[in-house]
Amino acid sequence: MANIAAKRIKREIIEVVKGEEGVLKLELVNNAWTDLLGEIAGPPDTPYEGGLFKLEIKIPETYPFNPPKVRFITKVWHPNVSSVTGAICLDILKDQWAAALTLRTVLLSIQALLASAEPNDPQDAVVARQYIENEPLFELTARHWTNVYANGPTVVWEFNQKVQTLLEMGVDEHNARVALSTYNWDVEGATEQIFS
Amino acid sequence: MSADSDMEYSDNDGDEYDYYGEIDDCDMETVDQSKTDPEYFLFSCLRVEEVEKLLNESIELLSNNLQITPSLAKVILHAYEWNAQEIINRYKENANEVLIFSRVKPCVPTAPGTSTRTHCAVCANMPPLQSFSALTCGHSFCNDCWSMHFEVQIMQGVSNTIQCMAQECEVRAPEDFVLSHVTKPSLRERYQQFMFKDHVKSHPQLRFCPGPNCQWIFRAWVRQGPRRVECKGCELLTCFSCGAPHHAPTDCATIRLWLTKCADDSETVNYISANTKDCPKCQICIEKNGGCNHMQCGSCRHDFCWVCLGDWKCHGSEYYECSRYKEDPNLASDSQHAQAREALKKYLHYYERWENHARSLKLEEQTLASLKSRINQKVMAGEGTWIDWQYLWDSAKLLKRCRYTLQYTYPFAYYMDNGPRKELFEYQQAQLEAEIENLSWKVERAETTDRGDLENQMDIAEKRRTTLLKDFLDIHINNASSSKI
């Protein structure tokens, strides 16, 4: 079976390279055809615009009869992506997988997921709550994360300063950002949570 | 245990024993059971072969009527919960709709030419044309890929709902198509086992006995409210409606709530009640993590005694007296902690009794077993026959039945709203409990007590049980349907 997997992966890499989207990348991590690195560009007119997001792709031995395991390596602030592990909540990676689907369609679907979040079926409950309760703040936070982790263009000075405040207290940068994002950028709330 | 109990009853066969077991309630009168037994429920207990026959009848009926293969009939029956007559009627009205609903046909016809037959979209190979096959949707894939697909799905326990391999295609693969691609005998067998399980699960009249390794299947016609079914094989009592252990007078939704609550909370609750107390001054919950009983509250620094909760200052030399236990429990009872503790107390009250009766029930099993050997000894020693001692056996069986109902009254009471109905219920529950303890006492000393006395006690306990069920089981079902208006 691993035979089919290898053959498929070869074709799928060619398919992505040939593809005209210019927004996808797919490359091998080792020679075993089991670990791949994907990259997608943040879709335009979203808080992820201008960012490049790396994905870890693991091919099971039973591929393509079972879905690949995909997670974000680049940190993302999105209701359907875990801000801690990068795990993705997407139907085609679970029960809606079909053997005829390819990694190209998977990458495109993840890109589409970035453009249209589904907060009612969340992977990250904290992000989803912010999305529902305060969408402008969610967008700004997502933009800030895109800027910091995915080389996005929009710098949010206010947020950078708040992170800096916590850094001066000796808090790790990423932990500080997570705490601030979780507490809607309320420095007091975030500090309390970190030091409790 | 039924097998060896049949063995032990060499004097009279198993059926006769059942006959005696039934008759003791109604004392030689031929009474309609549906009137005397509030839990009476019509059901049958079937073997796998009988169920297979039953399912095959539906399959045959449908495939003959609609002129389709038995495999397709299975897919459709599964989708329509085995209501063959409804399928036939609907099929006459609109055959296409039935086929689409049961996913025999795709909802949107596949555009011709979308799947090229030069290479297989799954493995990217280019096998000869004749080694391609497709379901009704027309998505062609090579036979090797189909068999791999089926192997992976079967290994994951999927059977009836295996789908086409194309993207967003929900057409289901019928049995004959799957089997024509699966050659390994072990895999074929596994597939057919899963199919059968899936068929029973999707059939509203059937339910597997949940007993471990039990092969019996219940058949009944109503799936609402607490419905008692007893397994012929393992004697387990199950609720046909929900599959949980039989739970009258509690209804299905409540018992589910209760069982999850117990599964979630019992360990936490045990820990909290064993290891924590509220500070008598500020009511904060305190965990005792050392042996010393001189406690100092981490929050308000109050010094107190863990045993009596009194002020530590009064504990000098007279430590072991701890006589200050009768403290006013209403102190700051509106605080959140006190309320939480009160809720916990309430839960514990019911949970402990529930657990206690569950344990007693297990011990009752032992009584039953030892009783059987004692009766056997008597019979062997020539002190009467099994028929003479039958009443002892019946009394122990009856005790078990009563205690079972009593156990399930506790979740019922826990979720009941306060008021006269609850008072009535708890009154009846207390009466039942008292009679059961009396009976339990007499059963344990059965050989030395008077037979008449024991039978009288049996009668009282059973009357209490049926009265409680009559008052609360029936009304409860009516309530459940009318309270939602």
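Cβ coordinates are placed from backbone N, Cα and C, and glycine is handled just like the others.
Annotated domain 'UBC core' per TrEMBL: A:4-151, in sequence order.
Residues annotated as active site, glycyl thioester intermediate in TrEMBL: A:C89. In sequence order, A:N80, A:V81, A:E118, A:D121, A:P122, A:Q123 constitute the residues six or more apart from A:C89 (active site, glycyl thioester intermediate) in its chain with CB-CB distances below 8 Å.
In the domain 'UBA' (A:158-196), helix, strand and coil residues by DSSP number 30 helix, 0 strand, 9 coil. The domain 'UBA' annotation in TrEMBL covers A:158-196.
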| said: For the domain 'UBC core' (A:4-151), what's the mean pLDDT in this predicted model? | reply: 89
